[in-house]
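S.K.: Take this structure, written in structure tokens, and hold onto it; I'll ask about it next.
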2 protein chains.
Amino acid sequence: MSKGLLIVLSGPSGVGKGTVCTALRSQVPDLVYSVSATTRSPRAGEVDGVNYFFKTREQFLEMIEHDQLLEYAEYVGNYYGTPRDFVEKTLAEGKDIILEIEVQGALKVKEKFPDGIFVFLMPPSLDELKDRIKGRGTESQDTIDHRMSVAVDEINLLQHYDYAVVNDKIELACERIQSIITAEHCKIRK
Amino acid sequence: MSKGLLIVLSGPSGVGKGTVCTALRSQVPDLVYSVSATTRSPRAGEVDGVNYFFKTREQFLEMIEHDQLLEYAEYVGNYYGTPRDFVEKTLAEGKDIILEIEVQGALKVKEKFPDGIFVFLMPPSLDELKDRIKGRGTESQDTIDHRMSVAVDEINLLQHYDYAVVNDKIELACERIQSIITAEHCKIRK
């Protein structure tokens, strides 16, 4: 049995990680999605263990303390993190698992899981990324400038990744990621 | 421009390198085929520079002397080799080039071209390989045994390669090799 692979899909905010990840999962039903843990309350329709593992603050802090998270971060007063046991259990079953995560989180995962396949989703150009960030809504020029500067800093972290995939078209980006997964399964580990 | 890649397709005799290489070339017309140099005479229909670069023995020995071959071997009284300049010219143009070659030759190419992508085509099983070697014609049991023992020795050289591709079905083997090429173009070189 070929061992399962952890595929970490990351990239700057606005690049389309979520869209590409959703498309990929619909094309590759065998690909398991890494479900995050969070302390925020479930929204209508969200199911525990599917959308998130919903935890109390106490439970989450205990997971941190027992090194049960591959990474975690606090965002607008709530904790979000990647449970280690779900990833390890999936890989042990010989299944591939994909984790969609922002750049800083991916680098933390790499510290604990250097054997993961780290894929950086790239905008076709910085202009294109700016358009996508602008296109999201009615954000102020300051916010847009700030998010662009963060994105440029993140793109400079590219060399910590294994692969760069340009998200010019969702289907093409998905095909490239599927190729990377196929190739990694053929790779001779030394 | 993405730099061209040298893909070295190798594997034991009888595994189907030639068939897979031909199928791959018809599916990927942009993939350049590395044309060998030889001292043997052209057969009917063979074109210089397409099937082989036909050389005199003197020319070939001169190519060896000037390190113009990535590898060479003598076989049934004739020389065969891989001209370095054709490979380098193709890569410099940003094109991928595929070299189909037996295992010992591939390892010699690796010494001169460590950046190549070394793909080992595997039989689905040793029994399957034996059937293929037998199926070729009316070879004696001794010949079959000898070729099987060479094949097993060659399979033990797998760890010098980057990828192992099982040739269970030609289309599947081709898809895997295409995935490897796509993935390698996405790879971040460090």
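We number each residue from 1, going along the chain as drawn.
Glycine too: its Cβ is placed from the backbone N, Cα and C atoms.
Nobody curates TrEMBL annotations by hand; they come from automatic prediction.
Keep in mind the model is a prediction, meaning the values are calculated, not measured.
Pulled the feature table from TrEMBL, pasting it below:
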BINDING   A:GLY11, A:PRO12, A:SER13, A:GLY14, A:VAL15, A:GLY16, A:LYS17, A:GLY18  ATP binding site
DOMAIN    A:4-182  domain 'Guanylate kinase-like'
S.K.: Quick one: of A:GLY11, A:GLY16, which of the binding-site residues has the smallest count of other CB atoms within 10 A?
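M.R.: Each of the binding-site residues A:GLY11, A:GLY16 was scored by Cβ atoms within 10 Å; lowest is A:GLY16.
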S.K.: So what's the average pLDDT for the domain 'Guanylate kinase-like' (A:4-182)?
M.R.: 93
S.K.: May I have the list of same-chain residues other than A:GLY11, A:PRO12, A:SER13, A:GLY14, A:VAL15, A:GLY16, A:LYS17, A:GLY18 whose Cβ is within 8 Å of the Cβ centroid of the recorded ATP site, in sequence order?
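M.R.: Leaving out the recorded residues gives A:LEU121, A:PRO123, A:ARG132, A:ASN167.
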S.K.: Return the residues near A:VAL15 (ATP binding site) by Cβ distance under 8 Å, restricted to its own chain and a separation of at least 6 in sequence.
M.R.: A:LEU121, A:MET122, A:PRO123, A:LEU129, A:ARG132, A:ALA151, A:ASN167
S.K.: Which residue, out of the binding-site residues A:PRO12, A:GLY14, A:GLY18, shows the minimum number of other Cβ atoms inside 10 Å of its Cβ in this structure?
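M.R.: Counting other Cβ atoms within 10 Å of each of the binding-site residues A:PRO12, A:GLY14, A:GLY18, the minimum falls on A:GLY18.
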S.K.: So what sits near A:LYS17 (ATP binding site) in its own chain, CB-to-CB under 8 Å and at least six residues off in sequence?
M.R.: A:LEU9, A:SER10, A:GLY11, A:GLU100, A:LEU121
S.K.: Going along the chain, which residues six or more apart from A:SER13 (ATP binding site) have their CB under 8 A from its CB?
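M.R.: A:GLU102, A:ILE133, A:ARG147, A:VAL150, A:ALA151, A:GLU154 - these are the non-local Cβ neighbours of A:SER13 (ATP binding site), listed in sequence order.
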